[in-house]
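Taken from TrEMBL, the feature transmembrane segment covers 12-32, 128-148, 177-199, 205-227, 234-255, 418-443.
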Amino acid sequence: MYLLAFSNFIRSRSVLIAITLFLVTGVISLYIGSRFLQKQQAAVEAVTQLQQAQIERNVKNVPDQFGLLMYYLRFAYINKPDPLAALAIGQQDINNSIQYLTVRGLEGQRYDTGLFNPYNQLTGNLDLSFVILFLFPLLIIAFNFNVLSQEAEEGTWPLVRIQAGSAMRFIVQKLSIRLIVVLGLLLILLALAVVIVPVPLNSKLLMFSVTSVLYIVFWFAVSFLIIALRYSSAISALLLLSCWVLLCLLGPAMVNSYLTARYPVQEAYSTFLKQRDGYHTKWDADKDKTMEPFFKHYPQFSRYVWNSPKFNYMWYYAMQQAGDDEAAGDSKAMQNKLRQRQQLAEKFACWIAPMQAQLALTDIAGTGLQQQQQFLDSTAAFHESTKLHFYPRIFTDGAVSAENWAQHVPRYFKATAAMVPLFAMMPLLVFTLILGATGVVIFRRKGAAYTFQG
């Protein structure tokens, strides 16, 4: 009986069309994700070659002034995306994953990004996470909105109830068939991701899959609750679509608006201005006043001679550091506000399933805001270590030929955050169980007899 019901459902023309459409959409999303990874890899290869070429060229052109040479040299710091980023692109489509820095002021460099068409950025990327989070619920709604009401509207419910023996078992059976079809579609897309992207078979992919399955089950729990209310097909469809609009569109939009209003990041502009002013105003300032804060910041360099008659690069780089120092307060405030936004967003996400699933998927893929902030913090550490390596050579006007330039290759960022643990998805699991249990209670209270409420 179960196999017959499954066969009848899967052979339905509308079901086949829906599955085919979603399969094609999923393959397109995988292709887009694969192209994204290829573009990122091409950028990594290009900057690796560029760094080597520009070091060789500038060392040849400026063989006797270390300070002047370091004005031009750039060093790459790369946040290489995980292959799973193809399934959840997250922040990496708008934030630069490659920092190409000089040893001059950091604050004027680390927020640089590429040039993008704003209209393309507005539409975003059709990655697999978008298909799962926003399109799969629509497929679930289309499959489930008339599971029970159709039988009543066609007058077959009394006969079905007698043959099935248990109304609850009949509903669970029909929902399980649809759940198997949707999960099968998800597993097919994940299997194709392993081939097309390709995504390695590892614990991250497993966590991505578990999160996606749990999210799908959540929407089946929502559908079951609406079914248990026993409204007509039209009203059930309207209620389910309203849930989708509220959870997938209005809820996240309202949270984003609230976070933006509560934590305005005006420091993004003031950081840039203070860094620029802090550096440029030092050209006309007393050199002693420029060097005092520098020696306070780096006491180990106070023994070097800086007030020589010729142009002194120690004073020049002290001016660069002054710009960063004057912008440090605003830069720290900006980073703190972004962290506060992230923390509050995670709290709101406990009540909005699509938000929670989206944060989880991007964290697993390493493309979330938290990972981007870690990359920016690590960029500052990389810039500082590069400065401390070259400053003694600059301040003593060391021999350019004495430096081992072959060792200066691009460095790679390693995120410290682990995968999203299972307990992070507990709110979604709890809501799923609550919705399912509520649906069971309502269904049993109404009894086996079907009566319209609208």
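Just so you know, glycine gets a Cβ as well, placed from its N, Cα and C.
Because the structure is a prediction, the values reported are computed rather than measured.
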Tell me, please, if the transmembrane segment (234-255) and the transmembrane segment (205-227) are in contact, taking contact as 3+ Cβ pairs under 8 Å between residues separated by 6 or more positions? yes
Taking a Cβ cut-off under 8 Å, which residues six or more beyond the ends of the transmembrane segment (128-148) line up next to it in the same chain? 15, 18, 22, 25-26, 29-30, 33, 86-90, 157, 171, 174-175, 178, 181-182, 185-186, 189, 193, 212, 215-216, 219-220, 223-224, 226-227, 230, 233, 236-237, 240-241, 244, 248, 354, 357-358, 361-362, 365, 450
With a Cβ cut-off under 8 Å, give me the same-chain residues at least six positions beyond the ends of the transmembrane segment (418-443) that come close to it. 167-168, 171, 203-204, 207, 210-211, 214-215, 217-218, 221-222, 224-225, 227-229, 349-351, 353, 356-357, 360, 363-364
Chain residues in Cβ proximity to the transmembrane segment (205-227) (below 8 Å; excluding those fewer than six residues from its ends, i.e. six or more beyond): 84, 87-88, 132-133, 136-137, 140-141, 144-145, 147-149, 171, 175, 178-179, 182-183, 186-187, 190, 194, 199, 236, 239-240, 243, 353-354, 357, 360-361, 364-365, 419-420, 422, 425, 428-429, 431-433, 435-436, 438-439, 442-443
Chain residues outside the transmembrane segment (12-32) and at least six past its termini with a C-beta under 8 angstroms from it: 86-87, 125-128, 130-131, 135-136, 139, 142-143, 181, 185, 188-189, 192-193, 196-197
